[in-house]
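Structure record follows, encoded as structure tokens.
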């Protein structure tokens, strides 16, 4: 044990780091900033700050030895010689501990899940590992869109890829369509808008919460979008990744709620995401029910369902930097609501076929 302790005592610290620390302490007592501390003033201050640890006469004797040129002032080289001496280290270690405690506020104690780290939310952004998941998803969507365009020259909606991947209410038995419609986009504008939003919103989320959480939320939004549309607007065909896009937008709202105290300007961020969602969904609802051209009609039910899925899944899946008691309850409530809604939607699709458009007759 003694050998281990001796090894610990022999650990060295770079000199420039040590000097920079003591320079901060020296500057604290150098009130005039001229590089000279009056000897009497330093004595009185150190006696006051170490009175409970060292007797006054010992401190005064140690400080007197530090004034090497006997000019009544302590300069930084003399101060550094003092702290490097055996006697001076006893005094200055106590002073430095007090200095650190007075200048560095303690971090809040945090009760965290096993994979969380302490720190402000913005400090958690990292590019290690690189946040490429949403970029890869976007590239796949671009490639499938180009494949569909090349396969047909007259109507992208009727291309072979679109016909096999789009959500078709008459082919609900082809269950892959509840997910695969995310790869079909009706026109380049539709594609570009979805790509921009999911990259600009998804990548920052991925940098904090890791790719697998963001991808899970994205896919949950896509599936919720098709299930929600099948019930709320059963005759609608569905294409595009808007369900997933709105899921990661709403997931930002979840993380703002959970990490409110750890974020800078959380109210402003929350307001921005709410405005974006309300304006876009409001426009989609208006176009859907006012006879707008088919190209302008958007499956708003998929947007709403995707957003709801992202909000709920985000609450119980995204990282929470400081878990509070009410957030634990919110976690279980969100999980229960999400599972219940998904169960109802799936059972509805299976148990009530007469509610939906009939299958095609070939």
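Cβ coordinates are placed from backbone N, Cα and C, and glycine is handled just like the others.
Here the structure is a predicted model, which means the values were calculated and not measured.
Database features, via TrEMBL:
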type     : residues : note
DOMAIN   : 17-52    : domain 'EF-hand'
DOMAIN   : 54-89    : domain 'EF-hand'
TRANSMEM : 131-150  : transmembrane segment
TRANSMEM : 178-203  : transmembrane segment
TRANSMEM : 215-232  : transmembrane segment
TRANSMEM : 238-260  : transmembrane segment
TRANSMEM : 267-286  : transmembrane segment
TRANSMEM : 298-318  : transmembrane segment
TRANSMEM : 330-352  : transmembrane segment
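Between the transmembrane segment (178-203) and the stretches 215-232, 238-260, 298-318, 330-352, the greatest number of Cβ pairs separated by less than 8 Å involves 238-260. Using a Cβ-Cβ cut-off under 8 Å and counting only residues 6 or more beyond its ends in the same chain, the transmembrane segment (330-352) has close neighbours at 172, 220, 223-224, 227-228, 230-231, 308-309, 311-313, 315-316.
Over the domain 'EF-hand' (17-52), the average per-residue pLDDT in this prediction is 70.
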